[in-house]
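Listed features, source TrEMBL:
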BINDING   T151, D225, E250, K280, D284  substrate binding site
BINDING   G316, E317, V318, G319, K320, G321, E337, N440  NAD(+) binding site
COMPBIAS  60-79  compositional bias 'Low complexity'
DOMAIN    285-446  domain 'S-adenosyl-L-homocysteine hydrolase NAD binding'
REGION    29-99  region 'Disordered'
Amino acid sequence: MAWKPPPRGLCADLFRALPEVSYARGDAVNDAPRSEQIQFADDMQEFTKFPTKTGRRSLSRSISQSSTDSYSSAASYTDSSDDEVSPREKQQTNSKGSSNFCVKNIKQAEFGRREIEIAEQDMSALISLRKRAQGEKPLAGAKIVGCTHITAQTAVLIETLCALGAQCRWSACNIYSTQNEVAAALAEAGVAVFAWKGESEDDFWWCIDRCVNVDGWQANMILDDGGDLTHWVYKKYPNIFKKIRGIVEESVTGVHRLYQLSKAGKLCVPAMNVNDSVTKQKFDNLYCCRESILDGLKRTTDVMFGGKQVVVCGYGEVGKGCCAALKALGAIVYVTEIDPICALQACMDGFRVVKLSEVIRQVDVVITCTGNKNVVTREHLDRMKNSCIVCNMGHSNTEIDVTSLRTPELTWERVRSQVDHVIWPDGKRVVLLAEGRLLNLSCSTVPTFVLSITATTQALALIELYNAPEGRYKQDVYLLPKKMDEYVASLHLPSFDAHLTELTDDQAKYLGLNKNGPFKPNYYRY
């Protein structure tokens, strides 16, 4: 039967019959970002509230509170705003009667345990390391204080460290990336964890201090992501810092701070630079960001990339991953760089290298991944087109000058979880994601398998520093031994059913190599 159009006016009648939908708006939110400089309890300042204009709310929430914590726009799958009471004001105990933790809701532990179990399925190398070394307990006696993202993947790492004999106390390195249900599961398992999604600035430092300042327990190892924990211990508890046996750092920002301490002669303990290890740089930084950049942008903005003009600031491993993903979806990608070598790589990969000021008026998306500060300034923000999306893929929240946007003439509107519209007096809107903090872990999730590589590297670095004989490592910053990098990689090859070719004795002699590795000199660029 041939299709016939509906009677004229029917569609209009149907729409008139639909009930009107009202959109409730919640209260204003005042989540201020962390500043680059370490702020301590004695000089903490009150953070400026989101600016308001007469007749407008400073921040609004669309539809309902629950929508701001939906599956599509939050790193934590559970409702992170089940009540307005700060976890610091709650009295919670786990099933064993312990209250040595501070999380959003300990009742979410069962759901968090399932998340951890799912992550374990794709972190077989870390589980393999746990099984191989569990009998030896290579971390027996280690008291590790950690400050990382608290997700299902890092929970697998924390529980591996505990299984290898360590005692752990943990806080979050990012106020938005904590998965509340995972933190609850760790607390239920007996880990002293102090973290929840949506911490304030004061909460952030309070959580770190609760991990360090403990009667009858003194840390002897640090696992850090960003350097905040290391600097807190260095500044506030110098006696504890001097007794630390080793520091493991995994971020560009944190490594930069360690090298500054070393150059100034103030680093009194050995530190391992995991960020620049091959297994971190070439896998986590590249492949993880190649997949998670799209996830974070899609969940928060529902943007279509085909034909969009995007500028990526920085063409290191993170920038390379972001550019490759965006190009594959049909975006027109520009790159900014200070390094001529990275700039040449971008050119030969098919990207146009420009200054940000040259394209800022025309681009639809601005992504920072430099590890620097004030890459996107207020001047850039003023010149952006309406509805330009601005986000950061670097660890620190200093790359975008968000502070300059907290002025009376600009209005902030919260439209989704981690999505703010900053409105200029002429009505122009800039879409700011995660208040300039790390996009992928604040607004989405990251691939579990590639985090297994980084987590295994961190675990081995801790084992190496803790068990190293006296004198092997001086008071300096070290790269992971090449042999250890190769071991981490080999643990992950069975997941792909990969089979390595073995050198013959004659071949090994010809190349001057040990048949069992290491297979490349330290100066080799992968």
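Residue positions begin at 1 at the first shown residue.
Cβ atoms are placed via backbone N, Cα and C, with glycine included.
Annotation for V318 (NAD(+) binding site): spatial neighbours N285, L286, C289, C369, M393, G394, criterion Cβ-Cβ under 8 Å with sequence separation of six or more.
Per Cα geometry, K280 is the residue among the binding-site residues T151, D225, E250, K280 nearest to E317 (NAD(+) binding site). Residues listed for substrate, T151, D225, E250, K280, D284, cover a largest CA to CA span of 18 Å.
Least packed by the Cβ count within 10 Å, out of the binding-site residues G316, G319, G321, is G316.
Long-range Cβ proximity for D225 (substrate binding site), meaning a same-chain Cβ under 8 A and a gap of 6 or more residues, is found for C147, T148, H149, C173, E249, E250, S251, G254, H395. For the domain 'S-adenosyl-L-homocysteine hydrolase NAD binding' (285-446), the model's average pLDDT works out to 95. With respect to Cβ neighbours within 10 Å, the binding-site residues E250, E317 differ, and E317 shows the lowest count. Looking only at the binding-site residues D284, E337, the densest Cβ neighbourhood within 10 Å occurs at D284. Using CA atoms as reference points, the binding-site residues T151, K280, D284 were checked against K320 (NAD(+) binding site), and the closest is D284.
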